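Feature list (source: TrEMBL):
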type: DOMAIN; residues: 11-143; note: domain 'EamA'
type: DOMAIN; residues: 156-282; note: domain 'EamA'
type: TRANSMEM; residues: 12-32; note: transmembrane segment
type: TRANSMEM; residues: 44-64; note: transmembrane segment
type: TRANSMEM; residues: 76-97; note: transmembrane segment
type: TRANSMEM; residues: 103-121; note: transmembrane segment
type: TRANSMEM; residues: 130-146; note: transmembrane segment
type: TRANSMEM; residues: 152-173; note: transmembrane segment
type: TRANSMEM; residues: 185-202; note: transmembrane segment
type: TRANSMEM; residues: 208-232; note: transmembrane segment
type: TRANSMEM; residues: 244-261; note: transmembrane segment
type: TRANSMEM; residues: 267-284; note: transmembrane segment
Amino acid sequence: MTAPPSESRSIGLMLGSVLLFAVNALLIRGIHMHVPAADGWVASLFRGAVGMVVVIAMFGWGRGLELSHLFTRPLLAFRGLLGGFGILAFYITVVHLGAGRAVIINLSYPMFGSLFAAWWLKEHLTLRSWLWMIAGFVGLVIFLGSDFDGGIGGYDLLALAGAVAAGGVVTLIRLLRDREHTSSIYASQCLASFAFALWPAAAPTMTLSPGVIGLMIGAAIIVAIAQLAMTYSYRTLSVARGSSMQMLLPLLTATGGYLLFNETFTSVGIAGAVLTLLATWQVVRRPKTSTRLASNRQSA
């Protein structure tokens, strides 16, 4: 069994994964702006196909991956369907809303995950968590309604549905992690992402030049590496610390969107985004005082 990485290496892997996730979103956005046929459906198709190839190459042939479980384990299949929808919703909104806006909405998923965990896993939420979640949802409403004269649009709602799906996926992974190998859990998402996008993306994909196909494959490889790096880093990092580092993702993506694609936000929208991300971070983190008190009680 491989020894867990050192803390400093885990921090480096997590920060690297955040950078790669941002590069992936910006790359998909840029490709679509120059080649409209390379849309969110096509991005989901490539992410699913390349991700499946990567996971089979790394964990197939008796190294943990159980492909049969993807079709015979209902909970695993449902995790795949939910994750596949989340991926599709994310990429569709990246090309239509802009990378920065889509990522900010998507990063609200830990709040939905906390709600699902409280309902499904019977996890206790403190009053502090409930108050921060309310603040986060208020910030999300402000952000969603601030930048468009027509208010909240259809793609905003799709991005929000993707965040809800991602919150459900996090909860399902916690249910599955003691029953299924990590590779099987990841493969379920790859399969669903590929299956959802296959029919709508088949014809547009055939029109892409070899260079664009190479870029789409490269973007899919980047996000696969990011996913694996993030998963590996969590072997040492706490969920709270890792999630805190993930809050850098919308900052990097929004900055890249502004510099590369002239994506902008109103001051009210920025305030709503900051409130949402701050609240999300507060929900996932654990107060140090509580941790210290618990440690003192155990040692007493």
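Using N, Cα and C of the backbone, Cβ positions are placed for all residues, glycine too.
Not measured: the values here are computed from a predicted model.
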Sequence gap of 6 or more, Cβ distance under 8 Å, 3 or more pairs: do the transmembrane segment (267-284) and the transmembrane segment (208-232) meet that?
no
Return the average pLDDT for the domain 'EamA' (11-143) as a whole number.
92
Given the cut-off of 8 Å on Cβ pairs that are 6 or more apart in sequence, determine whether the transmembrane segment (12-32) and the transmembrane segment (208-232) share at least 3 such pairs.
yes
Can we call the transmembrane segment (208-232) and the transmembrane segment (76-97) in contact, meaning three or more C-beta pairs below 8 angstroms at a sequence separation of 6+?
no
Counting only CB pairs under 8 A, let me know which of 76-97, 185-202, 244-261 has the most with the transmembrane segment (44-64).
185-202
Positions whose Cβ lies under 8 angstroms from the transmembrane segment (185-202), at least six residues beyond its ends
39, 41-42, 44-45, 47-49, 51-52, 55-56, 65, 67, 70, 76-77, 79-81, 83-85, 87-88, 169, 173, 176-177, 227, 231
Tally the residues of the domain 'EamA' (156-282) by DSSP class, grouping H, G and I as helix, E and B as strand, and everything else as coil.
108 helix, 0 strand, 19 coil
